[in-house]
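Engineer: Okay, here's the structure, questions in a sec.
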Amino acid sequence: MIAFLRGKIVFIEANSVVLDVSGVGYRIFVPASCQSKLPAAGEEMLLLTYLSVKEDSLQLYGFIEQQERELFVMLLNVGGIGPKGALSVLSCLSPAQLYLAVAREDIKAVMKVPGIGKKTAQRLILELKDKLKGRVQPGEETTPETVSGSQNEAEDALFALEALGYSVSEAIVVVQEVLRSSSKNISASELLKNALQKLDARR
């Protein structure tokens, strides 16, 4: 398997990037979230990759973050979701949004992804719930009840923590802790502040 490719960007298209690796051009399909982080043409970069092998074609899918690649592979194991479907999910939902949608069993959130109907959304949530739960520390499992309160504030805090470099699973754990010990009307800024204090105390 091709685990990663390092090379210069030749050009960027709607859903893919062409990478020049030692004189060979590789077309790599990437999620929308990855495209926004790509450097300009001519710049060198490394993409984590997944090679999809079919009878009539070989296709490469690329990711900047290992977390996205892992989620992509998990999505491939969901019945009814192929590589293009998995890429579409990651283009519409960030890792944090996908974690929360699965945790809350939010079928409507998953159905916002083009090509994902109700049955596929239900199957996705059912098949990913245990796998994603295993990424949270014991005793801090992600359940609908622990994240449904202060939903928008929790999402804002999660996105902020993710932007600061914390992993999604680490962010979910600490946000859950703050929500459990705070009032239901806690603001996103206060939630983020308390979460950062807890994270700093663990260092």
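Glycine too: its Cβ is placed from the backbone N, Cα and C atoms.
Annotations in TrEMBL come from automatic prediction, not curation.
Dumping what TrEMBL says about this protein:
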type	residues	note
REGION	1-64	region 'Domain I'
DOMAIN	73-92	domain 'Helix-hairpin-helix DNA-binding motif class 1'
DOMAIN	108-127	domain 'Helix-hairpin-helix DNA-binding motif class 1'
REGION	155-203	region 'Domain III'
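In terms of burial and nearby residues, how do these features look in this structure?
Structural biologist: Here the domain 'Helix-hairpin-helix DNA-binding motif class 1' (73-92) has long-range neighbours at 15, 29-33, 50, 52, 59, 61, 98, 110, 112-116, 119-120, 123-124, 127-128, 131-132, meaning same-chain residues at least 6 beyond its ends whose C-beta is under 8 angstroms from one of its own.
Beyond its flanks by at least six residues, the domain 'Helix-hairpin-helix DNA-binding motif class 1' (108-127) meets 75, 77-81, 85, 88-89, 92-93, 97, 100-102 of its own chain at Cβ-Cβ distances under 8 Å.
With DSSP classes pooled into helix, strand and coil, the tally for the region 'Domain III' (155-203) is 37 helix, 0 strand, 12 coil.
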